[in-house]
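What TrEMBL annotates here:
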type	residues	note
DOMAIN	15-161	domain 'UBC core'
ACT_SITE	C99	active site, glycyl thioester intermediate
Amino acid sequence: MSSSSASSRKALSKIACNRLQKELVEWQVNPPSGFKHRVTDNLQRWVIEVNGAAGTLYANETYQLQVDFPEHYPMEAPQVIFLQPAPLHPHIYSNGHICLDILYDSWSPAMTVGSICISILSMLSSATAKQCPEDNDRYVKNCRNGRSPKQTRWWFHDDKV
């Protein structure tokens, strides 16, 4: 998300604020293994450090996720992207966009930031090769000007990686 779109976001609803404060407390008490939340004063945007799991292609590597929460979270999914440099993975585009169904069509309000992180780590851990998606160049070119991954019509066809 570009800084201009970040500043034009609508403020979080009371329900979203309450839910995020509850999730933040839970995170502080029981953070998901392999993740660290970088504390800021912005409840609407979280930056989360991701450590690759031992025994995987991403072991000893660290990446950063940016999670932007919409006004009506958790009824609406947050926007989740990798900050640069994004990991080389068949479902992660070089611009940081992630092709993972729970971030779009399969989102449920029962999901949390922690469950999103665990799903992303699982996706990373199951990779058998470090490579960009086959359509990376075309997709990234079409996403110029700060287009949100939530504006993409994803085609979830490969659940092997």
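Every residue, even glycine, has its Cβ placed from backbone N, Cα and C.
TrEMBL: automatically predicted annotations, no manual curation.
Helix, strand and coil content of the domain 'UBC core' (15-161), in residues and according to DSSP, is 41 helix, 26 strand, 80 coil. Here the Cβ of C99 (active site, glycyl thioester intermediate) has 23 other Cβ atoms within 10 Å, regardless of which shown protein chain they belong to.
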